[in-house]
Amino acid sequence: MDKRMILHEKKKTSLSDKIFIVLNTVFMILFVVITLYPVLNTLVLAFNNGTDSLRGGLYLWPRKWTLKNFNTVLHKNNLLIGAYITVLRTVFGTLTALAANALLAYIVSRKRFLFKKELSLFWVITMYVNGGMIPTFLLYKGLGLTNSFMVYIIPGMIGAFYMLVIRTYMGGIPDSLEESAQLDGAGEMTIFIRIISPLCKPVYATVALFIAVGHWNSWFDAMLYNRMSTSLTTLQYELMKLLSSVMNQSTSIQAMKDSATAVTPTSVRAAATILTMLPIVSLYPFLQRYFVAGLTIGGVKE
Amino acid sequence: MKRKQLTAAFMVLTMAAATMMGCAKDAQTSKTTTDGGKEIREYTAFFAVPGNEINDDNEIQQMIAEITGAKVKETWLTGQTAEEAVGTLIAGGEYPDFICGSDGTAQLYDAGALVALDDYLDDYPNIKNFFTEEEWDKLRQSDGHIYWIPQFNNSYGENIETTHNDEAFWIQTRVLKWAGYPKITTMDEYFDLIERYNEANPTMEDGTANIPYTILCDDWRYFCLENAPLFLDGYANDGSCIVDPKTEKVIDYNMTPTAKRYFQKLNEEFHKGIVDPESFTQIYDEYIAKLSTGRVLGMIDQWWNFAYTVNDALKQQGLEDQGCNYVPLPITIEKGVQNNWHTSGDTLNVGSGLSISVDCKDVEGALQFVNDLLSEEVIRLRHWGVKDVDYLVGDDGLFYRTDEMRMEAANTAYKASHLCTYSYFPTYTGMSQDGINACKPEIQPLEFLSGLPKNVQECLEAYGCKTYVDMIGTNPIPGPWYPIYSFVGTMTTATEGGTAWTKIGELKHEYLPKVVMATDFEEAWTEYQEVYNGCNPQSFLDEVQAEVDRRIEVSKQSAQ
Amino acid sequence: MSIAVSGKVKTKMPTDLKGKEKNRKITWKEVKKQKVLLFLSSLFVLYGIIFCYLPLVGWLMAFQNYKPKEGFFHSQFIGLSKFVQLFSDDLFIRVIRNTLAMGAINLVATFLTAIIFAILLNEIKSKKGKKVVQTISYLPHFLSWIIVTGILHDALSGTGIVNDLLVRFHLLKEPINFFAYPKYFWGIVAFANVWKETGWNAIIYLSAITGIDPSLYEAAAIDGAGRWGRIKHITLPGIKPTIIILLLMNIGNVLNAGFEVQYLLGNGLVKSVSQTIDIYVLKWGISQGDYSLGTAAGIFKSMVSIILIVVANQMAKRAGEERLF
């Protein structure tokens, strides 16, 4: 909301508005507390000695500080390769998927396009049907996508959900804009790139965030298709492996004698969660800028 | 103009593709690498169990590679079941050199993914001697060939056992100490003791209330609730049913009079407040956390399911001094029933093992590696580590470790960078070839003793025992079918019996907690009985019986 | 922007427009002009056929006694017997009920909370406050279910904070073990979903709200519209297309009520209400190696989803609302 409006408001804040503001603030504070607490608790677990955590009673502050949990995570073999591949796939995967989804959304948002309806339906169906793991695996293998980086990029390029979200947003853009462009002799691609896309920044930012998070968190494809290729592992896959190996901790008596390890699956999981959450969470404020940008464009346009 | 823009739109895609293709295809394993002039063969392995991945530059792996001339890159199961993982491998038709299918072994065999090993065995003495002829025969599949080598429970020399690794009624030493270390042998005595102790000492030293008895019932770990009747009647751990050694007949333990008595007892104790009310809703993590506080006086469990984490936590909190560690008791339903909680000797699990896949280009080399892994020198490296770094040798030739060495051996990072046990390759346990040291540190008697908490030591002494195993005694393997769970594990819904078995499992998960909590036990039991019989349990028992008979037959044949 | 035109006008406008467009047939001349679009769509269709439709060959598995060794083309054909097996199993029927119930409850709960949260958040004046609250709100999305259910288990156990508070404020005499009673289970699952995903789901609505033309708010303020009035007449109509599209999509997802939450929170005592189709497939299809049964259940799910979607889409069409296709 811009400043003029706030000024405007101050003049006539009615009683009901005041009540609203108070209630809303209380609600938001409550919401923040309920939401934040478990995240905070995870943070505490991540910094607390693993075996000590088993005693329970940990709420807001670690009892026995340790960096061991993080150490265990960071010392994971291949973690760097995993992080590198994950960053690569997140960047490339998000860019390509966003471009593809936006273009497709643009096509089906053309009101006069011949196969508008059929094309939408074609993609909507893909959200609800899939052939299952084995046929998919065979297909990727046939296409030479297994043991390759492209398996992270190509198969997931179009997501009907994202396409529809963008299409809906595009549907809200007044036709008059394109019509005048068309009269100027602009082709479809020019309209898409020059006129529609700049207006779609907020929804592009949103969808990019969704896609990026998907890439960042994925590990199943790494396991399924690139199991034997260490150089193509992903961050989350390495963390999954770490967790299952901590859970599987030695079947020997030394574990019980040793008081120094003090990592448990729970504490390692907490540390891994915090570590993977950080980058994406810190990415958000940057994307938020585009949300605001969308607002200004909307304002200028009228 | 338009074409130009079109190109522009797809630029991103093609550019990305082009840049990435470069670093895409370098993943496949190279078969040889040179290291210090010496050629080292490299193999890949996949084990369909969760496991510890080691670093690429692992030190002991490198030493083993120098001795054997080979090295294996191991991968483990993550986030899938064994069958799923094996299913994908089969679907793709691409296998690593070594493979252990675990629960999916039968599928691998069915898919023709494995190399028959029997023709090769004679050339590899260490492998050949790993089993007796009779044992090898047990491993023959329906086509008469051997496809996998079970890796575990194979003693080289004398079988050494210090810990009762399996299921038992466990009790805290403080309870036994309080009562003056009485002889407890029946279920009624066990609960009676817990009740009396809890009445006299309702809390721990710091005032937190004791939890007299808890039951873990989370998913597959519900054995802590369900299979006690098998042991209470004095039978060995065949897993999913009783096989009577005298008649060689399969008996269902779910509906025996003992089962009813056991669940009735739990029901009574539940209403007395002895059984933890959260028993049936707690998840594994909560259960472990509960035991770690030292509040729980007793429970049924398998040692490996709780001891490592819990004992560690008890030590850290100084709860050992309060007598919070657990020891097993030889509980049966009546006095005079011989308990059979612990079976000594090597249990051969014929259901799975290490295999070589049809994709392995160098079967001889792979087998040579397995053979070399079984040599005394390499076994020592795998389990004890490097002399003077991971263990010391006393003047009497006995191996021992300092506290720091033990600590290092349990450190996750150290394990990954230094230790390499090749844990899913065949290995020996028990006494090693030198006749004085155990194959593995954890069964070396002195090593075991020096790590034992004081309260446990005291307790063992009071009963005249040296190890956990002495507390409940040991029994020979009941017969050639043992353990029949190695067969039940491979059953699927493809057969009638397998379907019944799966249904029964589902049903027991739901009804057993209800039976224990019911206000009217008789009524609940009758209902359970009815639904149970509706699952056609006989078809399950028949299929197991057939397998028992088959195994007995095989063993007779090879004895001739 | 057109979508932001106040509620009353909007309900009339699009129907008229659409009606007109429909009547006007797309002319050959127009089609000729669309050759770029047509070319591009053919690429997308090709891609879709390869990556989304080709694997549907796998559905053959449901009609075969599928054995990995034999593959799709040599496994024994058994017709519909896997479907018969599914629907003659009482357990499967119960599982459908659970899935539908939880799917519907979750849909309503997560949907409403996300919209309400987005609108209320938008009403916060302080830019900083808004940013902070929003960043916090989607943090739980990144916690894995295993962590969330762990915390929930702690909070709802007999000695957990919830029982503690309830007893302290005399709302309860004795602590309740919430996980031991089937009647609480669906509620707990819904709460878990709401807690984990509200902030995340709200992102889309917030982005839609930013697309609303601020001048509309100004105009409304000048007209003396109160806060409720503005929410009702500007914000809600402004994000209505987004709401409807998401609703339509999610209706198709009702049968995907989930797997992990129920699996992690469930126990023997609440089994009768906790098992979903996905858990059923995992237990009876995948763990038992009966891929054919699992695929049959998957086909059933897909069919139901598509029927639901088509029906919902028709309803939206009739009401003159945004549609999926």
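Glycine residues also receive a Cβ, built from the backbone N, Cα and C atoms like all the rest.
Automated prediction, rather than curation, is the source of TrEMBL annotations.
Annotation comment: TrEMBL describes A:21-40 (among others) as transmembrane segment.
Sequence-distant contacts of the transmembrane segment (A:81-108), counting only residues of its own chain at least 6 positions beyond either end whose CB sits under 8 Å from a CB of the stretch, comprise 116, 119-120, 123, 149, 152-153, 156-159, 162-164, 166-167, 170, 192, 196-197, 200, 204, 207-208, 211-212, 215-216, 230-239. If you look up TrEMBL, you'll see A:81-108 (among others) marked as transmembrane segment.
Residues or ranges marked as domain 'ABC transmembrane type-1' in TrEMBL: A:83-287.
What TrEMBL lists as transmembrane segment is A:120-143 (among others). The list of residues near the transmembrane segment (A:120-143) in space but at least 6 beyond its ends in sequence, with Cβ under 8 angstroms from a Cβ of it, reads 104, 108, 151, 155, 158, 160-161, 163-164, 167, 224-225.
Per TrEMBL, the feature transmembrane segment maps to A:149-170 (among others).
Annotated transmembrane segment per TrEMBL: A:191-216 (among others), in sequence order.
Positions annotated as transmembrane segment by TrEMBL: A:268-287 (among others). Counting only same-chain residues 6+ beyond the ends of the transmembrane segment (A:268-287), those with a CB under 8 A from a CB of the stretch are 42-43, 45-46, 50, 69-70, 72-74, 205-206, 208-209, 212-213, 216-217, 235-236, 239, 242-243, 246.
Tertiary proximity for the transmembrane segment (A:21-40) is limited to same-chain residues at least six positions away from its ends with a CB under 8 Å from its CB atoms, namely 60. Here the transmembrane segment (A:149-170) has Cβ contacts under 8 Å with residues 85, 88-89, 92-93, 96-98, 100-102, 104-106, 108-109, 120, 123-124, 126-127, 140, 196, 200, 202-204, 206-207, 210-211, 214-215, 218, 221-222, 225-226, 232, 234 of the same chain, all six or more residues outside its ends. Tertiary proximity for the transmembrane segment (A:191-216) is limited to same-chain residues at least six positions away from its ends with a CB under 8 Å from its CB atoms, namely 86, 89-90, 93-94, 97-98, 101-103, 106, 152, 156, 159, 162, 165-166, 169-170, 173, 177-178, 181-182, 235-236, 276, 279-280, 283-284, 287-288, 290-291, 293-295, 297, 301.
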